[in-house]
Amino acid sequence: MANQSTSAYQRLANAPDENSNLGTAQSKFRTLCFGELRKSPYCNNEIKTSKYTFLTWAPKSLFLQFLRAANIYFLVISVLTCMPFSPKNPVSTLSTFSMVLVFTMFKEAYEDYYRHKQDNSENSRTVHKLDKFRKDLIDIPSEQINVGDILCIKENEPIPCDLALLSTSDKRGIAFVNTMNLDGETNLKDKIALDSTSGLSDPVVLSNYVGSIECDLPNENLNSWKCTLKEESGPKPLGMKQLLLRGCVLKNTEFAYGIVVYTGKETKIVLNSKPAPTKISNVLRQMNRILYSIFVLQLIICLAFSLFGIYWNNHTGVKHSYLNLKKLNYVLDVFQGVGTFIVAYSTLIPISLYVALEMVKLGLAFFINNDIQMYYAEDDRKANCRTSDLVEELGQVEFVFTDKTGTLTCNVMEFRKCTIGGEIYGSGERKRNLIGVGEDTKPAEIMKDKTHPNHENIKNFFTLMAVCHSVFPNEDKAHPHRRKYQASSPDELALVEGSADMDFIFWERTDTKIKVKSQGISKDWDLLAEIPYNSTRKRMSVIVRNPDTKEIILMSKGADTTMVPLLTSKERANVALLEDHLHKFALEGLRTLVMAQRKIREDKYEEWKVEWDRLSLSLEDDKEEQLEKHGAKIEKRLKLVGASAIEDKLQDGVPEAIKFIMSASIRIWMLTGDKQETAIEIGKSCNLIQPSMTLVELSSKSQMEFAALIGHYVYKLQLANKTVEEVLSYRKQLTERISIVIDGSTLIMALNKEFGYRENFFKLGILSDSCICCRVSPAQKAQVVELAKEYGPWITLAIGDGANDVSMIQSAHIGVGIAGKEGAQAVQSSDYAISQFRYLQKLLLVHGRWGYRRISLFICYYFYKNVAVVFCEVCYAYFTGFSGQIYILDMLSMMFNAVWTSWPCMLTFILEQDLNAADSFKYPVAYQAGQRRQLFSYSVFWQYMFLAMWHGFVAIFLPFAAMAKAVDIDARDTGLWWVSTLSFTLIIHIISFKMLMMSSYWNKISLIGVIGGLIVYYVTIVLLNMAPVASLIQPGLNQLFYALMSRPKSWIAIFFVPIIALLPDYVFMSWNKIFNPNPVDNLLVMKSKDTIDVKTNSKGQEIEDNSHKKVL
């Protein structure tokens, strides 16, 4: 499928099959021969992402479910209900547990069905294979592809496996591929066949071709591929420019031939498809701990009641001879008693909790995915909740770590200014019909005057921009005299377009030539070598031959920190001026690159080239490192050409979003690779550094300087002897607002545990409102996130858009990917995906806050209602001599969660909100409720549990008192089920009204849930009372409810007992709102006062208007 993404392969085993030579000791390389007809020893191209087959589905699914501790607990309960001592009918527990298991099994089967469909579609796709006997193309299914086959890929067809490019329909051997499925980038990438194979575009000629390929064993490296083509004319190196990867799509090329090098689960896209690290929300982690405490409490109660039961049997039971109590082994009695009470109180931990919670989270994820205010029309992208497990975590964030380029900025670069020969050029917006740098035409005028002292410098500068890059040109039909460019780097694209604006137009490229048009004249520069860019080198270079002078020239461009040390000593006088200009560019928020070059003697080049070619043909493990070192040997004694300044505009709404997020007591740290001055200016423009803030610059040139600097601020801010918790309290008293700036080299010292600055640096970090870390590497981004996680329980969120942000995104509690121009690696590694940074504001302050409130209330309520009904059973144990006799009928207990109480609370809490979206933005301080854990903690949870115990106590003892000595119409004792059914009905009413008390947002759906739940209860209980139904399901219910409801006392109890039960809840809730309010309580009071004032003012204005009318 053309839109197959890497996520489709995440369930594939990365290990090759037994026939593969991946990782074998016999060979470090894979050798393929053209024309070889023997059976391939490697794996075929079949893809399998499905988990189950028809035969393995049931046993495997059950096995996986019983890896969860909760399911093992419920299995033990189900087994205990089948024992002779069980007080409950096993059918009720077993049926409920079975329904949960079956529901999960069919959910997984449904998901796996679509994986099977996807696999079948992928494996049966038609591909065109070269048949060596027929010397023509034949069609085969994709799964039958083998290593060594030669395939023909046609335009707009997906590439089914990893191929080494041999030839294309283009006579230059050029092909274009869309790598959207691999890295998410929309720009087309160019691939270039070797000159020696680019003519093999005919099936007959290709069938007769003789040669072999020696390449790497399958590996996951997407940036490097070591391969050598061996043919009659000699060995030639192949690299990433000749590798067509599975998942890409051939574009703007009629056809391309390639030889298969990796298939199936050995392709690079599959080897890179590793599952993201498992993340569990703080609320769920705490809920699991609470579950353990409840289980311990349950065991304590069961053990105590078992011992009480034995005591009662030995001391009181002997007086009741009709009981016929048998004396058993004491230890056996204890175990049997514990098992009896565990079964009786098994609903204390509800089986349906996880299913119900998952459904609520899916509903909240649906709201995020379909929020029209987070839809970005320009790219036709909406927000994507990639995991619903962390939706409540969004409401508790205290640290946001953000990338800059492409995250806060648009990642749409424009060449704005440059410094050449000590002069700065460039002003205004870019004009395509104007030759110049923006609106500055002075450089173009100088180019016309060959006598001008800066003429040659300007010519060299823009020539370097047009030649030294990895951009590829396409025909521009709208502007025939120009070109459209494809580039993986927005910076390079801006530079090449900038050189074209100065009439240095990059026109054409092959693997050996670069054509540049200037003033209507085309010149072909021989491309002798390219030393590529990487994050370590931070520069790229090309070695070319000048078409006019035939001189060999090394052209290089890169970061100033990398390039300045490479300049010749004669350039020292120019470096000071260069750094001054770079500083000015940085203050304007512009990104800079330094350009330099040198002439190379022919003999020196030939000497260097011999080793370069040898290393290029090498298949050693450290080939890339050796090439990098050898490339650096010639990148020396460079002459300064100039420096470019590129603008990357802020995204719309970024300053406002950051201001709102920071006003919610969320600290924002920007982690960027830019210069410190550039980062500071961007920080000011996007509100990270505000006018009222004190800027603390920690960047230092030495450890001694950093030690003195951080010591000064620790002393000044009185942080020396304070713990992290004390610093947080101290921050509330501090009137001064702080923003920190630190560079990458200083950050290394700050994070080093051996130096001892780590804790003090973090204290400064939590005391500040924002922090800017500049010149940082991807690894340092992750280390900063880990620093925040190390010193406290706060929730961290990382947001970025590129591959260099993946480690940071995966390290944070919550990862947010920006679907931007740097590919989809960040999105594919994230938990949430949005298109613009400003959408983070609503994701956190609205969906996050609502999610935290909804999930917290839902969990507390779900346990509350179960504890309330179980506590009736606990209280009843006293009246039964702790025998384990159940109080409530089996069928009522079974239907309590499944039919009557789960769906009403799901409907109510999935829509719960105390503030609407507009008020959530208006009062960002409301977000602090989640940061302070005010809605879900041990204390909050057990408050609900104690109230549940009170409600259970009232629901059993008041009916006992009301129905004492009660008789039916035949003057017979009403019996146990009469009172217990009344208690159960009271519990249904109490928990329904309690749900309304907990909810701040009464709406049609929540009222339907509450009222509908009561209606469903009465309808089903009436049906269960019918003799035919009761005889089949629960004989004890036969005509029972009719008789119960015929007594006035029952109706009086139903009306008054819930009021009595909920009275403490009302008092407790009122007390908290008055004497211990949370931020939202205060805001609601303020909001109600504002509403009253508005109404009063409106009424006063109306009276005044009426008075005027009377006067008139």
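Glycine residues also receive a Cβ, built from the backbone N, Cα and C atoms like all the rest.
Where the annotation comes from TrEMBL, it is an automatic prediction and has not been curated.
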Would you mind telling me which of 63-81, 975-993 TrEMBL tags as transmembrane segment?
975-993
For D801 (Mg(2+) binding site), find which of the recorded positions D403, T405, K781 come within 10 Å, Cα to Cα.
D403, T405
Spatial neighbours of the transmembrane segment (975-993) far in sequence, C-beta under 8 Å, 6+ residues away:
864-865, 868-869, 872, 876, 887-889, 892, 896, 900-901, 904, 951-952, 954-956, 958-960, 963, 966, 968, 1010, 1013-1014, 1017, 1021, 1036-1037, 1040-1041, 1043-1044, 1050, 1053-1054, 1057-1058, 1061-1062
In sequence order, which same-chain residues at least six apart have a C-beta under 8 angstroms from D403 (active site, 4-aspartylphosphate intermediate)?
M670, L671, T672, K781, I799, G800, D801, G802, N804, D805, M808
Determine the minimum-neighbour residue: among D674, D801, D805, listed as binding-site residues, which Cβ has the fewest other Cβ atoms within 10 angstroms?
D674
Would you mind listing the long-range same-chain contacts of the transmembrane segment (941-963), meaning Cβ under 8 Å and 6+ residues beyond its ends?
290, 860-861, 863-865, 867-872, 874-876, 887, 974, 978-979, 982-983, 986-987, 990-991, 994, 1049, 1052-1053, 1057, 1060-1062, 1064-1065, 1068
Same chain, outside the transmembrane segment (1005-1030) by at least 6, Cβ under 8 Å from its Cβ: which residues?
891, 895, 899-901, 903-908, 911-912, 985, 988-989, 992, 995-996, 999, 1036-1042
Could you pull out which residues elsewhere in the chain have a CB under 8 Å from any CB of the transmembrane segment (859-879), counting only those six or more residues past its ends?
283, 287, 290, 294, 301, 305, 308, 341, 344-345, 347-350, 353, 356-357, 885-888, 893, 896-897, 901-902, 905, 909, 936, 940-941, 944-945, 947-949, 951-953, 955-957, 980, 983-984, 987, 990-991, 994-995, 998
Protein Cβ atoms within 10 Å of T405 (ATP binding site), excluding its own:
25
Same-chain residues at least 6 apart in sequence whose Cβ lies under 8 Å from K557 (ATP binding site):
L464, C468, L495, R539, M540, S541, M563, L593, V594, M595, A596, S644
Which one of the binding-site residues (T672, K781) has its C-beta surrounded by the most other C-beta atoms within 10 angstroms?
K781
